[in-house]
């Protein structure tokens, strides 16, 4: 079986979740809420729409701010997280709105942003 981390993954926002059921994705958002069990959290994207992130194991660290999640979209249009990274915003705040615009452009012009195409020289 192919490891999820090795697959090409689309960058998406919350409005695109339903289009990517059972596909690997990358989602960036601001942490809004952590479920009391620690096995789920909610991120808001650059448009203020929420995406629910499910974890296999409870969080073992505090998270806050901007988080990038890699995972697979479930049938419930949530993301089953394979890995996540917190962005450091100490000196340079992350512009989630601008990032969201870039995600839209990538999807509006797929001919210029091919996904998963390997070129051999």
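Note: Cβ is positioned from N, Cα and C throughout, glycine not excepted.
Note that the structure is predicted; figures quoted are calculated from it, not measured.
For residue 23 (ubiquitin cross-link), other Cβ atoms within 10 Å of its Cβ number 13. In the three-state DSSP scheme, residue 23 (ubiquitin cross-link) falls into the coil class. Summarising the annotation, Swiss-Prot assigns ubiquitin cross-link to 23 (among others).
The ubiquitin cross-link feature in Swiss-Prot is assigned to 39 (among others); the stated evidence is experimental evidence. Cβ neighbour count for residue 39 (ubiquitin cross-link) (all protein chains, 10 Å cutoff from its Cβ): 15.
Cβ neighbours of residue 88 (ubiquitin cross-link) (same chain, under 8 Å, six or more residues apart in sequence): none. Annotation comment: Swiss-Prot describes 88 (among others) as ubiquitin cross-link, evidence class experimental evidence.
Per Swiss-Prot, the feature N-acetylvaline maps to 2; the stated evidence is a large-scale study or a structure entry.
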Rounded to the nearest Å - Cα separation of residue 39 (ubiquitin cross-link) and residue 23 (ubiquitin cross-link): 21
